[in-house]
């Protein structure tokens, strides 16, 4: 983590709002900051916190409470770190009259808060009535008429029997020690207080004879399956001793395990949101219901901890599906605090580097990668269902063939020979056609030592498919089926959002000729070389020494590809830029090739495969005009030519970029969002 500027302020302000009902809690806040300042005055922090406070209640004689000096608030504009509210859930403690008297001061605080992105607001509410948390937050907001910057989104409820100093310390330590605070110089200092508190709870578990790293936990149900049991819950109307009618729920016994992503302690009750791979559900823990030992375990829980519970599936008064916990099982202690619930990890590189945290807490991240597995499984099932054999080709090659790309190079010490990581799957799969495996495919990683972009990663997943006695039209039909079946597998329908557009995958996919699209979008006659050169020069493309078909393709990339929202099959490319492709019998200048474009991205590439060994050898030996050696697809592979001499049947071949397909089907803006662990630079130290 980079160091903060050395010219930062040495003092930050905390604005404290309190009522007469919370005088003792106000003292606890002052004591907390007195102790906290002792820590933050150390070299790794080098700052202190000053409390500016305001009592928004009336005094004993009915006069408005003291208001902070205006000059103090004005001075805090650049250094307001935190606003703390202390009140009860009884609206009489929030007197609108006195708020009117202090509205100007509140406005100044809001102005200060809006200038500081690091500012936080937190409210501690003493429960005196049986109100829901959201209702309490709403009343605070309405009565104080708080502007946006001070809305009570972060509300901590506590009861008279709670040790408020502990509630305060747990919540404030996390807020003030977050590593994006400007007063933190050293990341280790930022996390020290949080980790120390968590380790104390871990030690307490050990003292209770509980392994903080858990044990086998059998027979748990998926949360999704538990939620499906809602129909088994019954309700019965009863009358209380006071004559009030009330609803009593009863439901099935359930057993789940997962990670804590939200905790709302309210005195002798705790509400928890638990998440597993299938969904989220609320837990209710009451001290009277779970017993003393389970309650002591519950006091050791933190956000991120992994627990198991046994309990009864019922509903709360507000109708929320909830597991009423009867037995609590501690499974894993988390020593690092999770990211803030509403922010997550905002730095894209950090999310990719810490994918484990991103998966655990990032909204929709786990679902996206589950969809990826469903898409890949669907592709396999489609191909196996069509009679294709899945094979595993070598990753280390002696020749970088089958694509136009620079390989990663390595060396085999025992054999004393240079090798390259494969850049394509093609040539070994075609050898299998010669051997009689008439339908083959491979889903595997390929490696290209090239640039990184939103659409490119050096290591990515390819599907290549080859079918004897087929052609590129056979592959078009197969490509469409593969994509449609993948959409069915993730259940997203055929109209899929991608960015600000909607892609309609309803079959059949459109098919357009390469030359027709070039004429339509570039406004030239593709057969007229002079028009082609003039258009290229107008676009600023270099034409010197290049074959006209190479220039045509560069114009196509510049003027056509971005306009292909698709899905659209672009068919019949110039033969000179397709050295591994069979020519049309009646138009030898045209290759039987297609590329599938969706949202301007090339997603699939397919040919009627060239199986003439003499022509293949000639193409291997003849570099394409206008292409540098490193850019050419032609590589001399004598063993592959020898394989063709043994007779490869006419065939269709297909390649699909799996990562790009997942991007499109899951509405992901970059390829890194669909690769679990993309290549990253070394982490800064």
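Cβ coordinates come from backbone N, Cα and C, glycine included.
In the three-state DSSP reading, residue 595 (Mg(2+) 1 binding site) counts as strand. Feature annotation from TrEMBL assigns Mg(2+) 1 binding site to 595, 602.
Here TrEMBL flags 602 as Mg(2+) 2 binding site. Cβ neighbour count for residue 602 (Mg(2+) 1 binding site) (all protein chains, 10 Å cutoff from its Cβ): 16.
Here TrEMBL flags 369-678 as domain 'Aminoacyl-transfer RNA synthetases class-II family profile'.
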Looking at Cβ-Cβ distances, which residues of the chain lie under 8 angstroms from residue 595 (Mg(2+) 1 binding site) while being 6 or more apart from it? 569, 570, 573, 602, 604, 605, 606
Quick one: average pLDDT across the domain 'Aminoacyl-transfer RNA synthetases class-II family profile' (369-678), no decimals. 91
